[in-house]
Amino acid sequence: MMKELDHLTNQVKLDISHNSFVCNCDAINFIKWVNETEVFIVGHHLLECSYHNQTKQILHFPVEALEEECQKPDFDLMLKRILLGVLLPTVFIITSMSIAYKLRWHIRWNYYSLIRYYRKKSLLYQGDYTEDQYDAYVVFNQEEDTPFVFQVLRPALEGEPAPTASLYLNGRNDFPGMAKSENVVDGMEKCGRVILLVTPEFSQDEMCEFALHMALVKGINSVIILLKNWPDLASMSNTLRALLRPNSGVPCLEWPDDNSGQKLVLAELTEAIGAQRDGLQLNEIS
């Protein structure tokens, strides 16, 4: 527009006396044009512009000072950009870490599942893989509860002549060469149910706690709790304590001392395992 007006110097008069102008960097080209143009501007020497502090200046003034001011770095803008550059990555990192922490068990499950997939694919290619299926994966403290699992639980559920369930037991069915944590996920993916043998030693066992969380990732509907010698509630993790609540929806069976009570619990355990195998819902067996 200013260039077009310069070509019309003998034809027009420009009256901008009722316009308010601002003395800032955005207006510097216009101020220079007003001072240099041959266009007749009405009241040229009386035009004013205002600074941000409300002070006023005659528009017909040397603009060198304003140009110098505009060439100075805008420290406020620089500070805002620096803060924004620091703040955004920080917020992103904190948010990402929070999400990763919240989903840490799902991430680990998927990580081991991915390893399992490629291991299985490699073994299938070599013709050296058979995948057995089991009814239930048993989580137990191997140092203290192995005798009970192998001498009581296994014979009762797998014993001849009428086995009622097939169990995946650590120390018997583990895939050789796999890490313990990888074997946990591998075993659970082969089973319909997960039996948590909760004893006083369970809460102190890091692998039991890991297996507990992996079982919940697999699905809370797959979990059965078998309580043997009530552990101290104070020593339990919040997750295990929540599963032991009556409204958790998880079948919780307590192992008694008498033979008749034990037979009843084994029958209930067999029924719970069979219900999952037959595709029944959790609330139909409790």
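Keep in mind that glycine also has a Cβ here, set from the backbone N, Cα and C atoms.
Annotated in TrEMBL:
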TRANSMEM  82-101  transmembrane segment
DOMAIN    132-273  domain 'TIR'
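Taking H, G and I as helix, E and B as strand and the rest as coil, DSSP gives the domain 'TIR' (132-273) the counts 69 helix, 25 strand, 48 coil. Per-residue confidence over the domain 'TIR' (132-273) averages out at a pLDDT of 90.
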